[in-house]
Amino acid sequence: MSELDARPGANGRTPLDRTPEWAALGKHRSELGELHLRELFAADPERGRRYTLQVGDLHVDYAKHLVTDRTLDLLRALAEATDVAGLRDAMFRGEKINTTEDRAVLHTALRAPRDAVIEVDGENVVPAVHAVLDKMGVFAEKVRSGEWTGHTGKRIRTVVNIGIGGSDLGPAMAYEVLRSYTARDLDVRFVSNVDGADLHEAVRDLDAAETLFIVASKTFTTIETITNATSARDWLLTGLRAGTDAVAKHFVALSTNAEGVADFGIDVANMFEFWDWVGGRYSYDSAIGLSLMIAIGPEQFREMLDGFHLVDEHFRTAPPEQNVPLLLGLLGVWYGAFFDAQAHAVLPYSHYLSKFTAYLQQLDMESNGKSVDRDGNPVGWQTGPVVWGTPGTNGQHAYYQLLHQGTKVIPADFIGFAEPVADLLPGLVAQHDLLLANFFAQTQALAFGKTPEEVAAEGVPAELVPHKTFKGNHPTTTVLAGSLTPSVLGQLVALYEHKVFVQGAIWNIDSFDQWGVELGKVLAKRIEPVLLTGEGTEALDSSTAELVARYRALRGR
Ligand SMILES: O=P(O)(O)OC[C@H]1O[C@](O)(CO)[C@@H](O)[C@@H]1O
């Protein structure tokens, strides 16, 4: 027996790379060899029609992937062997599948209908979810209508969300995505960075009397957020020339930590609650979405939640052959394991999705950037990829060169919408066909490329032929929807949430903890006083000690 064979299986599981299903996939991969998408399409004229799925408003084309029917069968066999469905059902039932934190994972309860019953520790959590949504709705309407006024009686014109990570990226992304649905007389801004420049730029042109701060922090201990919130409070009180009694009309909190909120000086009556079974990166459809709800209104927020729920139900009930999150998760596992793909690009063809990939970075990389399995054993296979990307047309004139002719395998998702957003200036609507033509052209070029023969036939000099050849065979998924509505946004986000879930389940890692962010926080706390006093440099490594000394010298200390 080899050392690898002797590795204990997590939760009694055979290590993934020791399963017959994994071995079958490896063998199949060798058999496929250098098979080209050109051949796959030539062999099956129906491929474009057969390799598509529909979930809600999302039409998902996976024909341009390096897979055959046999690959898909083998991948689904892997999902069965690793009991993805079992873990999924346990998640939906409210079991504590986040084992390292001993927590349930129930973001799906945040969008469950009012009459659903989902229990954690024997208690139905759905009524509390809806009570908070209702409270958010009342508050959002008061701010939108001007009924909620600041300390001096002026109506609120700007909402500033202060949060970081999951308490920032979700609402900030969704606010951008749904801009055409937002109230035009109300501005919403987002402050996350502990670099004071972030808050400075956000408030420099604001009137304190018309500004509402939303302090968003699940734990209410995150140093960046508490620091920014404290500075914002100072700015407010200075601007108003008022005492701390003014805080109540200008600060609300979104948190699971009522004590922390009260300690900060925010009235807990102005706190919107959520729960430890909502992960930060899965939280923007909880109270964390308050800034978004104020911007788009409770009704559109509800529509977004319904979009999430639609995909939750699809993931929970659709058979494996039609299950879109399962398919997308499996494709990622396939490329990571058998093509050594290290990265995954998400390339939206919509200006409004400009922050979507940044949001997905946390969702995916904080969830699946793990190297031990659920029992703490090192994993012997690739886990989460580097997720990156920006809106596609801009990328075409920047980094697409590497996608087309570089040496790396980078599967990519292309996301586009048939309709331009509703309130686009009429003159700009005509540009939409050009946008979509690019959207379709790029996946075509990536898949099929251009052979040396084709290049030579155009009369290109022989020495330039290699430079102008496109080998193609770059895998892509295309997600096409009618238009970018709140529901479609919810559907898209839930699709990625569950894709990430599928991959974590197969890789046998805990996708819901994030211990990897802790060490840096502890070290920063240790280093901060050294920067001020210069005492304690001897405890630092020689590189950091030199850098700290240089910093202090530059600051004149
Ligand atoms: O909402 P909080 O508790 O301030 O945390 C913000 C973010 O910080 C993290 O804990 C990482 O440090 C994320 O998981 C989380 O989304």
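Note: Cβ is positioned from N, Cα and C throughout, glycine not excepted.
Positions annotated as region 'Disordered' by TrEMBL: 1-21. According to TrEMBL, the active site, proton donor annotation covers Glu366. As annotated by TrEMBL, active site applies to His397, Lys521.
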Rounded inter-Cα distance in Å - the residue listed as 'active site, proton donor', His397 (active site): 29
Cα-to-Cα gap, Lys521 (active site) vs His397 (active site), nearest whole Å: 37
Residue with minimal Cβ packing [other Cβ atoms within 10 Å] among the active-site residues His397, Lys521: His397
